Amino acid sequence: MATAAAASASEAEPEPKAGPTAEGEEDGVKTARTRRKVLPRAVAAAAYKAVGPGWDQQEEGVSESDGDEEYAMASSAESSPGEYEWEYDEEEEKNQLEIERLEEQLSINVYDYNCHVDLIRLLRLEGELTKVRMARQKMSEIFPLTEELWLEWLHDEISMALDGLDREHVYELFEKAVKDYICPNIWLEYGQYSVGGIGQKGGLEKVRSVFERALSSVGLHMTKGLAIWEAYREFESAIVEAARLEKVHNLFRRQLAIPLYDMEATFAEYEEWSEDPIPESVIQNYNKALQQLERYKPYEEALLQAEAPRLAEYQAYIDFEMKIGDPARVQLIFERALVENCLVPDLWIRYSQYLDRQLKVKDLVLSVHNRAVRNCPWTVALWTRYLLAMERHGVDHRVISDSSKELEELRSAFTRALEYLKQEVEERFNESGDPSCMIMQNWARIEARLCNNMQKARELWDSIMTKGNAKYANMWLEYYNLERAHGDTQHCRKALHRAVQCTSDYPEHVCEVLLTMERTEGTLEDWDIAVQKTETRLARVNEQRIKAAEKEAALAQQEEEKAEQRKRAREKKALKKKKKTRGADKRKAEEDDEKEWGDDEEEQPSKRRKVENSTPPAGEAQDLEAEMGLFGKSAPVDVDPPSKQKERAAALKRDMPKVPHDSSKDSITVFVSNLPYSMDEPEVKLRPLFEACGEVTEIRPIFSNRGDFRGYCYVEFKEEKSALQALELDRKTVEGRPMFVSPCVDKSKHPDFKVFRYSTALEKHKLFVSGLPFSCTKEELEEICKAHGTVKDIRLVTNRAGKPKGLAYVEYENESQASQAVLKMDGMTIKENVIKVAISNPPQRKVPEKPETKKAPGGGMVPRQIYGARGKGRTQLCLLPRALQRPSMTAAQAENGPAPQPAVTTSAATEAPKMSNADFAKLLLRK
């Protein structure tokens, strides 16, 4: 394409026909043809009418097929003008109304991107050349244009360019187009269009300059850079000069040193074109580029296979390029990624950060920062980085004067920001969007520093203090520092005196600053006043703090008393329950004893008759015994009542051999607890539940000595992954109770092992809800909570029996939604219950201290044998008379080791005299 353009450009232009008629006709035809390339067919038909029927297609070199295609609408318009004009008028009126609507919408909001695009499309369709050019110009000033929009604009302008001035205008458009994004197609169009102006002054240098800039910009593009190289080489090859052959050689060598797709074809073309052998250095660079291409191919293929915008693939490619460290390639991959991800602020930040720290080229850095804020004007971080970059590179600052238009715009922006916070945040959410008033502080700082308007700054600080900030010492000190820098001593003193009276968090600090200022700058009278005010204020603050401490101590004491009362009530309740359980066990044991004694007695007549009547015939009894395996027993067969069957099952469970737990299988075993005590045949009922997790080797339920199920068991799997999957069954309801499933861990070896799976730390995205009615279900609570954000999980807290405790944990997607839900739901009434809602922050559990070994009153260790196996209980009474009670030192010593033998051992002297029953009687009757 470039070759043909260059060849045509080098040829002499044909001379126009002689005569004013031919010249005028040719000019009219050119104008009509140019307009037809841009305008729609309807407008082209009207232009064709204006030219007249004397059009000679063969004279202008237009083929018959082209003429038929371009002017079919004109012919149809001439054949049926009434129908065509009616349809065209209706369509034109509809488009005009839409254009007016879009223009009005843009007058309200000039940042509506889609509205700009639709307006340009309609204006282009209607043939409004001036308006469409203005619309494009206005959009390009606000937004960076995509490659498609630029190419459409460029093609329209190229088709209408008739002279050198128009060509210069197109060149300016090309320069703007290549600055928005990296677009190989636009560079290719730019190079080919510049070839058409080679006949002008400096045209050859212009073409080479454009192609060289295109190679610098997109020549490293592995998939699209090849087209630029080939177009440049074709252009240089078309210029038939011996001196230019070395230029082509140079282009081949430069291209072969860069890793590009289809490098092999380029190398073969070079071998065929070159008359001399290829130098060894070129072959080495070519092989090196091939090796680099193999390293880049996985990332390029990932981009080709993925769908737009392919951000993850580009991020991986950028990481790879940054590890290699070639600045040109790093810049290229960033630019390629931004073409499809221009609205991702993080990508712009990473790109600008790389340029700020690595390249540090002023024009390049500022250009990228400018493009970043044009693409993402809503991102504060991009504007901050742009301002820092301008200051870093010494961009001139414009001095703001009090009467400037920019200052009024800045004040208006501050005012709008404060109004927005008031209307959109404070009134809607009942909380301050700027609690520290940072916007007003910055405004006051600008008024004081740049505008020398301390009066306005003081008004702003008065507004800040009236918003509840007067009690904070740091706010007063910030205002004081502003007055010290840009105000006067009188206002500094006034501000500090107000701060002493109003500050409640750190009044000592404010008082110290006031005394320091008066010591250095004030008079003796000012010093005395400051000392008196500070002493009075600090004394009052100390009194308030003492009262607050006393009140807090009283509340803490009340809480301790309440906790003690609750503890006593729990102990009393537990003792009562224990006594009740012991009484029931005692009565049951007595009943069992009566049954055992009653079995030896003679059966009652009625019972004996019942058994006799229920005895089957001899044949049937023998058959029944043969079926059940009871040969050798001649007793009659009878159906036992349910109680008897339970006793027999308990006896069988008692007789089962005790299987010790194998700790080596803990990794494939889970511990299941909190099962109902009334569960019959736990192994049969639990096996289907756990077999869903994997193959179950054994289920070992634990029974008491009396054969009762103790509510827990061990489930052993064949594989470890099945045991891990079984842990997900934790808290699953089994017969009305939540079943606890935990890892099988020997706590004697791992005393610090915790089974509790929920977090006990602060979770800002999770809420703790208390005071819920017991009848509130999970679905009802979720319906209430989801109105304030996305609910990820809800957990209703229950006791071990599965009964609700009126508590719940609600997990939101993020912290802001949780905070909003706290503000809206705290104090809400649900089924006549007022609930409390707070951020989840469970209190730290107190670790129980290890009980210390009790000591005897004398300081020695109390042996366990003195009080029995359970120690000294409250109900154990000592039946030995006090006169006979003696300290048993021997027993105490024998507890820890053999007693030391005395030096002299005389059995008669050491042994106590034996006492008879009469001696005991005398001791008891002694008064």
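For all residues, glycine too, the Cβ spot is worked out from N, Cα and C.
For 1-11, the entry in TrEMBL reads compositional bias 'Low complexity'.
Summarising the annotation, TrEMBL assigns region 'Disordered' to 1-36 (among others).
Here TrEMBL flags 53-89 (among others) as region 'Disordered'.
For 57-71 (among others), the entry in TrEMBL reads compositional bias 'Acidic residues'.
What TrEMBL lists as compositional bias 'Basic and acidic residues' is 557-566 (among others). Here the compositional bias 'Basic and acidic residues' (557-566) has, by DSSP, the following mix of helix, strand and coil residues: 10 helix, 0 strand, 0 coil.
The annotation region 'Disordered' is assigned in TrEMBL to 557-619 (among others).
Residues or ranges marked as compositional bias 'Basic residues' in TrEMBL: 567-581.
Look at TrEMBL and you will find 591-603 (among others) tagged as compositional bias 'Acidic residues'.
Under the heading region 'Disordered', TrEMBL lists 633-664 (among others).
The compositional bias 'Basic and acidic residues' annotation in TrEMBL covers 641-664 (among others).
On the 0 to 100 pLDDT scale, the domain 'RRM' (668-746) averages 88 in this prediction. Annotation comment: TrEMBL describes 668-746 (among others) as domain 'RRM'.
Look at TrEMBL and you will find 765-842 (among others) tagged as domain 'RRM'.
Annotated region 'Disordered' per TrEMBL: 842-862 (among others), in sequence order.
What TrEMBL records for 846-855 (among others) is compositional bias 'Basic and acidic residues'.
As annotated by TrEMBL, region 'Disordered' applies to 888-920 (among others).
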Can you tell me how the residues of the domain 'RRM' (765-842) break down into helix, strand and coil by DSSP?
22 helix, 32 strand, 24 coil
DSSP residue counts for the domain 'RRM' (668-746), split into helix, strand and coil:
21 helix, 32 strand, 26 coil
Summarise the compositional bias 'Basic residues' (567-581) by DSSP state, stating how many residues are helix, strand and coil.
15 helix, 0 strand, 0 coil
